Amino acid sequence: MSDDEAAVPGNKPIRLPKKAAKVKNKAPAPLQITAEQLLREAKERELELIPPAPKTKITDPDELKEYQRKKRKEFEDGIRKNRMQLANWIKYGKWEESIGEVQRARSVFERALDVDHRSISIWLQYAEMEMRCKQINHARNVFDRAITIMPRAMQFWLKYSYMEEVIENIPGARQIFERWIEWEPPEQAWQTYINFELRYKEVDRARSVYQRFLHVHGTNVQNWIKYAKFEERNGYIGNARAAYERAVEYFGEEDINETVLVQFALFEERQKEHERARAVFKYGLDNLPSNRTEEIFKHYTQHEKKFGERVGIEDVIINKRKTQYEKMVEENGYNYDAWFDYLRLLENEETDREEVEDVYERAIANVPPHSEKRYWRRYIYLWINYALYEELVARDYERARQVYRACLDIIPHKVFTFAKIWILFAHFEIRQLDLPAARKILGVSIGKCPKDKLFRAYIDLELQLREFDRCRKLYEKFLESSPESSQTWIKFAELESLLGDTDRARAVFDIAVQQPALDMPELLWKAYIDFEIASEEYEKARYLYETLLSRTNHIKVWISMAEFEQTIGNFDGARKVYEKANQSLENAEKEERLMLLEAWKECETKSGDEEVYSCHFKVLCSVFRTISDCIICGISRVEAMMPRRVKKRRQIQTEDGVDAGWEEYFDYIFPQDQAAKGSFKLLEAAARWKKQREEAAKAAQEELTETVPIREEEPEENKENTEEKVREGDSDTDMSSESSSDSDSSTSSDSDSDDSEDDDEK
């Protein structure tokens with residue numbers, strides 16, 4: 001665009017936006033200004049301000065008028081600048097008052113009211129100015145105008161009535177209060193009016209005000225109580241009682257307030273009308289909900305403790321406990337312990353049946369939310385107590401039967417069940433002489449949930465009735481359900497034994513011991529053996545012991561078998577059992593071996609027999625290297641086998657593997673172990689000699705290969721043949737592969753033959 005075009009009016013040049021200047025240096029300034037420096041600079045600059053003008057003394061009326069003119073000009077200028085600033089008007093009016101210009105002050109306040117006629121502060125300052133100037137009629141005029149415009153402003157009424165009371169214009173003050181309460185003001189206004197009448201001993205007028213006050217603000221219970229206490233203080237007991245009664249009627253039975261009842265009862269207590277007070281307390285307890293009777297119970301208890309008898313005190317305490325239990329069960333319906341305590345209280349106090357049944361129904365309605373048996377254990381006893389109450393206390397047998405059936409319907413039998421309920425229901429039917437119903441209940445129970453407890457209860461019932469065929473059938477079903485139960489097999493066999501059918505009992509035991517899995521097989525075998533011993537079938541008992549020992553090598557079985565042989569007088573058989581046990585338990589725990597030897601020694605002591613042992617023991621003596629080809633009595637022989645008790649030390653460690661010191665313990669060293677250890681050392685020496693000989697032969701072979709020239713490789717077949725020949729010709733035994741158990745069980749003759757073979761090889 002050219003300069004000419006830009007100069008033509010109407011053709012304004014187009015201004016392009018300026019680019020923002022880039023900040024070249026964004027680092028902080030080297031000299032920073034702090035807040036302290038700013039404040040110090042501001043303080044220093046105050047010294048440069050011009051000091052105010054000095055005060056002047058006015059000595060001439062003209063100077064005074066000039067001063068007043070300037071002051072008024074300042075106020076008027078301030079008002080013109082901001083006429084809504086009410087503080088300027090109030091200062092202006094007070095200044096005019098201070099110089100005695102009441103008319104001017106009145107004019108200022110009137111002008112201010114024209115600006116904002118609903119300003120409470122302006123009205124109050126205006127009226128107070130008139131009162132200070134003792135212009136009472138003017139003040140009344142101001143207050144009348146104020147309460148007419150703003151009748152809900154409490155300050156005007158209070159100041160107005162106070163002014164009339166100060167100038168002792170009591171009728172005028174009362175008239176103001178009457179005008180005030182026509183507007184139905186808050187409670188404070190009524191209370192101020194009542195206190196005004198009481199200051200001048202006008203009780204009747206105060207009562208009238210109170211009654212009118214309750215018509216307006218009767219919803220607040222404290223107002224009724226204040227009125228009743230007012231009548232009581234002034235000695236009008238009848239009026240006070242009537243006030244409490246009117247308060248109870250005013251709120252009615254639905255919205256009755258416990259505070260009114262408590263104060264009413266305390267009033268009657270102060271008048272020594274204890275029966276009336278007790279009636280008021282009971283009225284509250286009967287009509288109020290349980291969550292609102294705590295305060296009533298508290299005062300009722302105190303009243304009965306002071307003026308009541310023992311029966312009355314107990315009734316109060318019981319009612320208080322009922323309230324506490326109601327509160328607990330309302331807070332948590334699954335708190336079954338609270339329900340139990342509540343019901344126990346009702347039953348002990350012989351409460352009406354309807355109330356007890358209602359509480360039971362409320363309690364059992366709180367079914368546990370989870371289908372886990374641990375949540376139902378406490379709950380199920382509510383049903384049991386309910387049924388027992390109906391049967392034993394209420395004598396309503398049909399209702400008790402319904403309770404049992406409802407309980408069985410609510411239990412999830414597919415998940416879990418309670419055998420106690422089935423059994424109690426069956427026993428209940430038996431008490432009602434209905435045996436088929438009891439059998440049906442137990443039959444349904446073992447069909448739905450075959451538990452051991454139910455089977456046993458059913459079997460016990462049939463045993464008491466001497467129905468043995470039914471017992472057999474039940475045992476058969478029981479064992480089909482749980483064949484691993486050893487106790488069930490034992491009980492079944494005992495039943496057959498009691499009935500004299502020994503063959504059936506033995507057959508039951510035979511089937512039982514053949515079961516693949518049993519919970520307590522030791523009890524079953526013991527019962528079977530005891531049965532055969534009781535039947536004097538000693539050979540069968542011995543066969544059972546041998547069969548059991550073929551399955552287990554437990555020390556108690558060996559000792560039991562030896563004691564069995566000793567009991568029937570077969571001491572030789574007992575010795576043989578102990579010898580076999582001693583050989584079989586060589587690798588067992590040392591404590592078990594010691595237990596066996598002690599039992600053996602006790603057996604020899606009881607037998608008192610000094611018979612000579614067989615040559616088998618002679619061979620054993622040669623192994624021990626103690627006495628060869630000798631004859632020893634039984635007790636001496638066992639004592640020779642007894643171990644030596646030695647105290648040893650061993651290092652202990654914590655779970656983290658840290659050394660925790662040393663501890664002492666007792667160990668047992670058996671003579672048999674020491675003899676076997678000696679022969680084992682000899683075999684170890686032979687093994688070491690054999691190893692040394694192999695190493696020497698290998699070294700010689702290596703020297704020979706170094707001197708002899710290398711031949712061509714033989715075929716693989718020839719190598720294999722030579723290796724087989726070497727294996728066949730090698731008759732040595734690798735001692736390192738032999739176990740310690742084999743060396744311990746070797747006899748002295750075997751060790752001698754090994755020594756002779758080693759000598760030949762040497």
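Along the chain as shown, residues are numbered 1 onward.
Glycine too: its Cβ is placed from the backbone N, Cα and C atoms.
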According to TrEMBL, coiled coil applies to one of these ranges: 207-234, 571-598, 683-710. Which one is it?
571-598
Range among 1-27, 82-108, 649-675 that TrEMBL annotates as region 'Disordered':
1-27
Would you mind giving the whole-number mean pLDDT across the domain 'Pre-mRNA-splicing factor Syf1/CRNKL1-like C-terminal HAT-repeats' (319-536)?
85
